[in-house]
Amino acid sequence: MLLGERFGRHATRSTLLLLQNYSRSTAMSRLEMSGQFQQPVLESSRDYLTRACHNASIKKRVLSRVECFLSSDPINSGWLKPRRWENFTSLESACVQPEYKLPIRIRADCKAEQYEITGSPLNPSDVPAEAVGIGDTNEISPWWQEFPKRWTIVLLCFFAFLLCNMDRVNMSIAILPMSSEFTWNPATVGLIQSSFFWGYLLTQILGGIWADRFGGKVVLGFGVVWWSLATILTPLAAKIGLPCLLTMRAFMGIGEGVAMPAMNNILSKWIPVSERSRSLALVYSGMYLGSVTGLALSPLLISKFGWPSVFYAFGSLGSVWFALWQSKAHSSPNDDPELSKAEKRHILGGGTFKEPVTSIPWRLILSKAPVWALIISHFCHNWGTFILLTWMPTYYNQVLKFNLTKSGLLCVLPWLTMAIFANIGGWIADTLVQKGVSITNVRKIMQSIGFLGPALFLTLLSKVQTPAMAVLCMACSQGSDAFSQSGLYSNHQDIGPRYAGVLLGLSNTAGVLAGVFGTAATGYILQKGSWDSVFKVAVALYIVGTVVWNVFSTGERVLE
């Protein structure tokens with residue numbers, strides 16, 4: 001058969017046929033170059049040329065021209081200088097292996113013109129039973145099986161935090177009809193709202209210890225089930241009496257208190273450093289979107305089905321999440337039997353898995369300056385964040401003269417802004433890490449934006465004259481604040497991945513205390529002064545946090 005056209009433009013390793021106890025020369029002599037032989041594989045250039053020349057000499061055919069190109073350049077795919085037939089003095093010299101450097105990956109291109117290979121085609125029945133086909137198959141795995149397991153964990157954590165804030169903010173809406181039904185005064189309403197933090201503070205550090213010892217899957221699953229049950233039982237507790245309601249709200253805080261340390265623990269094991277910022281940003285954006293969803297859906301449910309429906313609907317979603325979590329999640333890649341070897345190598349990055357923590361080295365942890373930088377910076381960050389999120393409706397109503405309905409709608413805007421900019425910051429941070437910028441510099445840059453951005457916009461807020469500019473400043477303040485997800489919120493896993501849960505528990509305890517004290521202090525300042533004084537205190541703490549963070553923080557591991 002004349003091969004007047006090119007065959008096998010690119011010889012690849014995609015299809016191999018292993019023939020055992022079968023004569024290569026016999027098989028090649030009976031092989032007709034047809035559509036069945038579209039991807040010939042060269043075990044080596046010498047074997048190929050030897051077989052080609054051997055068959056040609058047997059059949060005594062005329063070879064007008066053969067051009068063989070060997071490439072050993074895996075990057076540029078450059079060709080070595082071709083060796084034409086005219087350069088050979090004899091057929092034997094043509095079958096000498098050309099010189100080339102040891103390649104990382106070899107590709108051969110052959111063009112044949114006016115070269116006859118005759119013989120009968122190779123029938124399937126001629127192939128020995130031992131022959132095994134290796135390479136391409138027509139089976140394509142479903143997309144959900146190809147989806148990286150580590151990002152499955154991230155998405156499940158995202159939905160856990162979505163439910164977390166949905167269940168948290170529903171009380172701020174439901175408290176209005178509840179106080180009317182049960183004739184609660186403002187002091188009682190404030191007591192109910194604060195009772196959540198009683199339990200929330202208790203389990204920040206404990207949640208970190210449990211997660212580091214028993215695994216993030218167990219602790220986060222426990223937390224979601226616990227707070228979901230507490231949410232469902234809230235209407236019953238309210239009808240029994242105030243003490244029962246306060247206890248149930250504290251129980252709910254216990255469940256949500258373990259969420260952040262457990263999440264931090266499990267992501268420290270599943271996510272490589274090059275993806276750390278954007279994975280955490282996505283998870284924390286679940287909190288922001290949970291607040292948006294809760295604030296948007298709660299009024300609709302209350303108006304149609306009554307205030308208890310909010311707690312029943314939101315709380316029941318936890319059972320759906322828990323079923324998925326049990327079937328899909330594992331505390332570490334080492335526990336997942338379905339994880340591919342390639343993804344496991346990517347996650348480890350050349351390292352090895354550490355044994356679970358059996359004891360917490362408190363003296364060592366508290367002796368490290370970067371740990372205290374985390375704690376102090378978290379306090380300074382949350383002071384301003386909690387003030388804005390807690391007192392924003394009051395500011396809109398008293399200063400900007402918006403009605404309560406419009407104030408409620410505008411309260412959603414900062415959460416949306418934070419969700420968007422948290423993910424933007426995460427992608428920027430990981431891109432910088434992948435381009436070779438040190439983790440320390442990346443964390444300092446991102447957290448400096450998270451501190452100085454809000455400080456700048458709060459300073460401008462006291463000087464603006466129109467409501468539209470005031471709302472814009474508030475939104476920009478919260479948007480830049482969200483860059484902290486790629487700063488201090490990612491740093492726990494940098495400095496001590498084995499103790500990531502405990503470290504987040506420590507720093508978030510300081511953050512919750514800042515929210516409690518900052519909210520109370522704002523009320524006291526407003527009685528004696530003005531909103532300008534409130535903003536000045538927040539700006540001062542942002543600046544303190546910036547200095548402490550840039551002097552003492554690091555992206556290097558300080559706890560083994």
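Glycine is no exception: its Cβ is also placed from the backbone N, Cα and C atoms.
Copied over from TrEMBL, here are the features:
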type: DOMAIN; residues: 153-557; note: domain 'Major facilitator superfamily (MFS) profile'
type: TRANSMEM; residues: 151-171; note: transmembrane segment
type: TRANSMEM; residues: 191-211; note: transmembrane segment
type: TRANSMEM; residues: 218-238; note: transmembrane segment
type: TRANSMEM; residues: 250-267; note: transmembrane segment
type: TRANSMEM; residues: 279-301; note: transmembrane segment
type: TRANSMEM; residues: 307-325; note: transmembrane segment
type: TRANSMEM; residues: 371-392; note: transmembrane segment
type: TRANSMEM; residues: 412-433; note: transmembrane segment
type: TRANSMEM; residues: 445-462; note: transmembrane segment
type: TRANSMEM; residues: 499-526; note: transmembrane segment
type: TRANSMEM; residues: 533-552; note: transmembrane segment
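Residues of the same chain lying 6 or more positions beyond the ends of the transmembrane segment (445-462) and with a Cβ under 8 Å from any Cβ of it are 277, 377, 380-381, 384, 425, 428-429, 432, 470, 473-474, 476-484, 486-488, 490-491, 531-532, 535, 538-539, 542-543, 545-546, 549-550, 553. The listed stretches are 151-171, 191-211, 218-238, 307-325, 412-433; of these, 151-171 has the most Cβ pairs under 8 Å to the transmembrane segment (279-301).
Over the domain 'Major facilitator superfamily (MFS) profile' (153-557) the predicted model carries a mean pLDDT of 89.
Counting only same-chain residues 6+ beyond the ends of the transmembrane segment (191-211), those with a CB under 8 A from a CB of the stretch are 168, 171-172, 175, 184, 218-220, 223, 242, 245-246, 249-262, 264-266, 360, 499-506, 508-509, 512-513, 515-516. Of the Cβ pairs linking the transmembrane segment (371-392) with the transmembrane segment (151-171) and spaced 6 or more residues apart, fewer than 3 are under 8 Å, so the two regions do not touch. Through the fold, the transmembrane segment (499-526) approaches residues 194, 197, 200-201, 204-212, 216, 219, 260-262, 264-265, 267-268, 357, 360, 365, 371, 374-387, 390-391, 488, 492-493, 533-534, 537-538, 559 of its own chain, all at least 6 residues removed from its boundaries and within a Cβ separation under 8 Å.
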